[in-house]
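What follows is a set of notes on a single structure, which appears directly below.
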Amino acid sequence: MIITPVSSSSPVVFPMETRYRPILESLVPRDPLTQFHLRRGSPDDEFPDLCRNSTWMGRILTPAMYRRQFDRCTHSGVMFDDVIRPGLEEPGDWSGPVSVGCVAGDAQSYILFCDFFDRVIEAHHEHKIKSQTPESDFNYDNLKGGDDLDRSFAARCEVSVVRGVEDFCFPTHCSRGERRQLLTLARKALQRLEDEELPGRLVLIEELNQEQQRELNLNPPSSTQLRTGMARDWPDARAVWVSNDGSLMVWVNMDDHLRLVSTRDDTNITEAFKCICIHLQKLEGFYRELRHPFIWKQQLGWVTSSPADVGTGLRIRVHLKLQHLPKHRRLQDVLKRLRICMDRPDTDVSPESPALYRVSNVATFGVSEVDLTQLVVDGVKLLIAMEKRLEGGGDIDDLVPTQK
């Protein structure tokens, strides 16, 4: 069956939120937590020590900003200290990539604590928040060159996207009951996907042995996930849906409500992106029919628990075999100009042989899905061209791009 690419359906619009956002931003409600008689000091007494904190939270948060957030609490009970806890638990390393250092407990967090979250989002994604986020673009036919990466250097690729579901708290704050309701919704939506589009099966994590979990690249919860509450009650109501042809996996209640993943060993980013586009839009329609649409904010786009994923929620990862480029003096400058990042997941490799490096996009906000994927495709091709040049003993200064 030939599937014609379609544009993304218009996201749910919340006119009241748009109209009253300025009021919400300036509103400092009476602290609803006073009824619990929490033994909290003043904002100045409670302000965290951030002198060795390298996260965006640690760089942006000031005592004055903390005072403004101190007496605020969302309807589901998310306090500002809940928001900044990840950055306090993992303060980061000044020599490494900068993490956001914060998390939203629910969708309302982005509104109530917007003067903090907006600054973090703008700093991390290097893009100003405007009155309207770019429209979604799932027309995969507009992607160029994603199907012909040099297999001598490209080992595999992965395209993934995360979504939050309306009316539920995010994983760091949701209850067991909410998590189980989310699993029930996922069962219904994925059953529709099986019946109409793509056969597959849903498996509960608690039913998998260790070998089966390794086959699915499922790692035990990290210490950070445990400390921030993301992995509470593990593995209760966590599941993975796998298509029969292996083209798509859907993680349920893992790091977010939903994560769709398409991995290809032939490094065909175009096909992986196409798979995500088609089935994400299908699931979006099913969740709408279930009256729990994906969470969308006019100024931020699609939002989930991490501000590092707002906008598109899209991640494109390509594994490259590189030997010379990682040692080059201008590598970090090149990566910054291309707006991509590179890390080395495997460290047990001889310096004389090529190692496997993972290249991915840094930002998810401020560009459309097609443009973001194109950015990674173009960046990967340039890195491969540089590796070839260095392999032949040449110089790469003339290949260094201008800032994206």
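From the backbone N, Cα and C atoms, a Cβ is placed for every residue, glycine too.
Within its own chain, V318 (ATP binding site) has L149, A154, R156, C157, E158, T267, I269, R358, V359, S360, V376, V380 as residues 6 or more apart in sequence whose C-beta sits under 8 angstroms from its own. Taken from TrEMBL, the feature ATP binding site applies to 156-160, R259, 315-319, 343-348.
Secondary structure of the domain 'Phosphagen kinase N-terminal' (39-126) per DSSP, as helix, strand and coil residue counts: 43 helix, 2 strand, 43 coil. Under the heading domain 'Phosphagen kinase N-terminal', TrEMBL lists 39-126.
The domain 'Phosphagen kinase C-terminal' annotation in TrEMBL covers 153-390.
Taking the Cβ of R315 (ATP binding site) as centre and 10 Å as the limit, one finds 19 other Cβ atoms among all the protein chains shown. When Cβ neighbours within 10 Å are tallied across all protein chains shown, the highest count among the binding-site residues R156, R344 belongs to R156.
Summarising the environment of V159 (ATP binding site), the number of other Cβ atoms within 10 Å of its Cβ, over all protein chains shown, is 27.
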